[in-house]
Each structure stands twice: as structure tokens, then as C-alpha cells.
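Asker: Please see the structure below; I have some questions.
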Amino acid sequence: MAKILISALLCVAMFGSMALGSPECPTPNGRFASGDQCDSYTECQDGTPVEKLCPDGLLFHQRTKATGECTYAPYSTCKERARLQPANGTEECPRQFGFYPNGDATKCGVYRNCAHGVASLTKCPEGLAFNEETYQCDWPDLVESCNAEAYLGFNCPAADSADDSAAAAVDVSPEGELRYYRHPQTCKKYFVCVNGHPRLYNCGKYLAFNSQTKLCDFYNKVPECYALLKEKQRLKAEKQQPQVAQPED
């Protein structure tokens, strides 16, 4: 009877240990974020833990309780796991992998996509800037390393400007005061000044910015733009007309 009781207690202890796991291996098999380092993880096989590092510049992302992978991700996702392996950068890249600003505050719509220490340049959609904090293309005024005015080539007029050309429709949003200005070189684009900083918007094909409605509208609803469009069409038609040969004397 005593032997049976001891065997039962041993079984309970063994299976209880397997169910609870260890700090290194919460389950016998899987990959788990480790310690305070954002680019390392523990790989467990049958309960045996092995510490591993992601390639330089990639961070470990815990997808489920037992699965994870090294992936491109901004450092801001590390939170309390703030430590990283020493950087192994090149002339082109701060680390072997990752997305990085190009270092020019006036051309912040282009960023470096680094793989194995080699950078390829990637462009954000027009008017947006690369945000290293989120690994996304964002409004230039929200990107610390970007000079929104120099990048977009537009300075928001002062709110109390007396210049008629600076007159703008005004809205108020949770972000602050919004002022709308047509692009000085084309009717198809316009700027929204948010707290004094510009953001570029683009109307769709066959549309122009209507400063009265603060929306993109048909050209014939925007008289000043419609006149420019008709003149442009006239000049284009003239260029396409065949040249008439002049008779020789």
C-alpha cells in the first residue's frame, strides 16, 4: 500500500511539473521572448531551453503563447525589453537589418531598407515621411527627424496674415486648428496646415481643390482652376496640330 502511495505521489509531481513548465520553457516546445533583451529568445525542445539571438537589427515578436519569430519591427515595440545586442553596422546601415531614415531632414519621404548590411532606398507615398518610431509612413510634422516645411516646399502663412493669397478656410479638430490652402503650382493638390505645419493632399483625376467647400471638386465647379484647365487644353491642342508646309518662293 505504501509503495502504491509513493508511486502515485511521484506521478503527480512529475505531471504537475510538466504542466507548469519552467521559467525558460513555459511549454516543452516553442519559442519564447527571453529576459530583458528584445532581440533574443529561448527555443525549447522537449523542455530543454537554448538561448538564441535574432539577426542584428531584427526583433523577436511573440505571436502566440508558444510561437514567435524574428521580424522587422520598430524599437518602440520593445518596451521593458529594452536591451539589444551590440550593433554590427556597415557604412550604409546602422545594423544589418531594419528600416532607417536617410539622414536628410528635407528628403524624409525616402528611407533605407537594410538587409545583410546593404541598403536599398524605398519611397513613401507622396507627401508622407518615414517614421522610425512606428516603421510606417506618416505625416511629416509627426516625424521628429523631418523638416515638414522644407520637405513639402510650403510654409503655412501666419493665422493673422493680411495677404489675400493667405486667406484660408478654417476647421477645428482634436489635433488643433486646420487651415486649407491650394497648392501654389497646381489645382490638383492642397495643403492642410495643422497647428502651423503643412500636410499635402492630392485630389483624384479630373478633380481640383475647391477652397470654398474645402473638398476636391469637379473643375467646372472651381472657376479659377477651370480657366487654367481650358487654357492648358488649348495649348496642348495647338501643339498637336500638323505643321503646314510653307510654299517655296
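Yeah, the Cβs are placed from backbone N, Cα and C, and that goes for glycine too.
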Asker: Can you tell which of CYS187, CYS216 Swiss-Prot lists as bonded to CYS203 through a disulfide?
Answerer: CYS216
Asker: In Swiss-Prot, CYS124 sits in a disulfide bond; tell me which of CYS108, CYS137 is on the other end.
Answerer: CYS137
Asker: Which of these, CYS54, CYS93, shares a disulfide with CYS70 in Swiss-Prot?
Answerer: CYS54
Asker: Please report the number of other Cβ atoms within 10 Å of the Cβ of CYS124 (disulfide bond).
Answerer: 17
Asker: Quick one, of the recorded positions CYS70, ASN88, CYS137, which Cβ has the fewest other Cβ within 10 Å?
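Answerer: Across CYS70, ASN88, CYS137, these recorded positions, the one with fewest Cβ atoms within 10 Å is ASN88.
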Asker: DSSP on CYS124 (disulfide bond), three-state: which is it?
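Answerer: Where CYS124 (disulfide bond) sits, the three-state DSSP reduction gives coil.
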Asker: Tally of helix, strand and coil residues over the domain 'Chitin-binding type-2 2' (90-148) according to DSSP?
Answerer: 4 helix, 22 strand, 33 coil
Asker: Taking the Cβ of CYS54 (disulfide bond) as reference, which residues of that chain separated by at least 6 in sequence fall under 8 Å from it?
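Answerer: In sequence order, ASP39, SER40, TYR41, PHE60, CYS70 meet the Cβ cut-off.
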Asker: Looking only at C-alpha atoms, tell me how far CYS124 (disulfide bond) is from CYS203 (disulfide bond), rounded to the nearest Å.
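Answerer: About 18 Å separates the two Cα atoms.
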